[in-house]
Amino acid sequence: MIAAEPQSREQIEIHVRYLMAASGITSIIVNLYGIYLLIYYHGSMDSYRFHLLYFQMTCLIFDVYFSHFMVPIPLFPITGGYSIGILGRLFRLPTHYQMVAALWFLGNTITCIFVSLLKRHQAVAKIEQKNRMHQIMVKFSILSSNTAPVIGTFIYALSEPDNYMKRIILSNKFPNSLWVLDIPTVVIYDISFKTNPMFTCIVYSVFGGSALIMISYNILYFQLFVMLNSVKTKISQKNYKKHFTAVINTILQNLVFFIFYVIPAIILFLVIYFEFDATYTSIFMIFAFSVHSTANAIVVIATFPTFRRAFKISRFAR
């Protein structure tokens, strides 16, 4: 297989530009409305709203950055790509370093969900007087989850092969696609400990870290629902609904992440593995990534009653 030829690549760029422009503008409108609700219509929500506010602001910045400043174009089946956004066209910033910022934002959103879930778990555990973690363990979990994206992006920043190694990678695997090296801001990787060890470590670490996070989520969610059922008669209905709604919100946020990040990546992997044309699959994946925060903002508005009421009031006022 070879990467898309220049003419086909221009068509891909046009499709991606339109999709990213539409998703970026939509993201700004929906996320700003969600942030407005979190600031002025939080009602009786506890400190969880600050996690939501930070989460939505991070998602908004990521979407604007991804959809307007970066605008990535993949070169599948080659592991790599280039960017046609503001940073690439005006400042000629290499795509590799643009990806560093994108990965940090992405890691931060995952961390925010995990920390908010952990704190919710401990708040309910305090009421039930069971399953309470030692304070040192809680602080260590929060510190490690915040440190992981920083370490990961730092290692990734050092993982780009030099031009000589890029040519070797293409010559060995895609000899008919050497022309991609002439594309400005292009980046090429290889999942191989021999030719690209640091990038390969990052890939395997992501898989291992994702498995660890999934196990942690399942344990915390299971214990949370057991504890909520146990304390239901010990706390007021209002307090119970507050905790229950927050738990449902984190579940839906994780579901959004799975639908808009994990599933498109799995589909793309299968398409490439079975050697089908990955052109439109990669466009779909990029678009799915860019609308992630919009879906999250909709989840926040739909989950909490105070936001639903505010939304109905604003509609009625118009």
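Placed from the backbone N, Cα and C atoms, the Cβ positions cover glycine too.
Note: TrEMBL annotation is automatic and uncurated.
Feature annotations, courtesy of TrEMBL:
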- 18-41: transmembrane segment (TRANSMEM)
- 53-76: transmembrane segment (TRANSMEM)
- 96-118: transmembrane segment (TRANSMEM)
- 138-158: transmembrane segment (TRANSMEM)
- 202-226: transmembrane segment (TRANSMEM)
- 247-274: transmembrane segment (TRANSMEM)
- 280-304: transmembrane segment (TRANSMEM)
Ranking 96-118, 138-158, 202-226, 247-274, 280-304 by the number of C-beta pairs under 8 Å to the transmembrane segment (18-41), which range is first?
280-304
I'd like to know if the transmembrane segment (247-274) touches the transmembrane segment (96-118) in this structure, counting it as a touch only when three or more C-beta pairs sit under 8 Å and are separated by 6 or more positions.
yes
Could you pull out which residues elsewhere in the chain have a CB under 8 Å from any CB of the transmembrane segment (247-274), counting only those six or more residues past its ends?
52, 55, 76-77, 109-110, 113, 116-117, 120, 217, 221, 224-225, 228, 281-282, 284-285, 288-289, 291-292, 295-296, 299-300, 303-304
Contacting positions for the transmembrane segment (138-158) when only residues 6+ beyond its ends and CB under 8 Å are counted:
96-97, 99-100, 103-104, 106-108, 110-111, 114-115, 118, 122, 198-199, 201-202, 205-206, 209
